[in-house]
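Below is one structure, written out as structure tokens; the observations come after it.
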Ligand SMILES: [Zn+2]
């Protein structure tokens, strides 16, 4: 695999990401780092939900695995995230370090994510919380109030029959694409999500906010006919318990909405659920298909390129790959355009005979003060 060889030739990838031993023979395709055999053994013991390890000599690398390694950009890029805030008294293990020393460091680095910038930590451990001098990150109040007023103008439908119908078509965690399956930076919340979520609710801890998401519902194409000759489509957009609706476009199978909705995205990020309905005056609205946006590729790309946006101008920083699970019509590019992180998506609607839905996302990460 040429791409893999090219990556391995990068100077930073010729040393183990964790202990700097030369010529790493293994890769964590979930984290995106190249590691030595000794560190590989620790990664393997962490479990595949944190680190999925494969030999670099193995012929059977999937395109997706290579894509992830490329998207992360190598050991230096990964360490610039995973070791961004490494305390001065913590030293990386040497190539000859004991297994205990190695294990301690690697667990703190990837499992506890102790050395990440505080606002990126997926699991806020009590240790880092109590010792951290920085306040929990909070949204810029003025930005929030602006966005709130936008939301308040929409009629919000929460927990009605619609959202429960939507849930039935929900893709089970784990069957998303490779990014969310394997990328532990973005999805440790999902893989370890059950415990972290329940602990946060039981301790009534304020949910950490990762950023603001703007969802623009652009248009539908070739939607199904639900009435006699046409349909009166609108889109319901849900994140967590919040649900908003676009306006109804009467008798149109190729409706254009161009409506914007804002959501505050907590940690771990949940999927954005979309459902197109045919507005019906006399009976319940009929479903015209569903789609679900996995936010992990977008958030991961933003985290990986944090602080590099100004230099970029306009640049592709990541991709959400089209797979049979996510019903993307084509790979969805994540780009930075004039400092704004954007992702355009075209879905083939699920649970329906036909129809496409086009939307775009904008991501505003919350930076530590
Ligand atoms: Zn190593």
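Even glycines carry a Cβ here, placed using N, Cα and C.
Features of the protein shown, as given by TrEMBL:
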COMPBIAS  125-138  compositional bias 'Low complexity'
COMPBIAS  145-157  compositional bias 'Low complexity'
COMPBIAS  158-170  compositional bias 'Polar residues'
COMPBIAS  175-203  compositional bias 'Low complexity'
DOMAIN    1-124  domain 'Arf-GAP'
DOMAIN    194-309  domain 'C2'
REGION    116-206  region 'Disordered'
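DSSP places the residues of the domain 'Arf-GAP' (1-124) in helix, strand and coil in these numbers: 56 helix, 11 strand, 57 coil. Here the domain 'C2' (194-309) returns a mean pLDDT of 83 for the predicted model.
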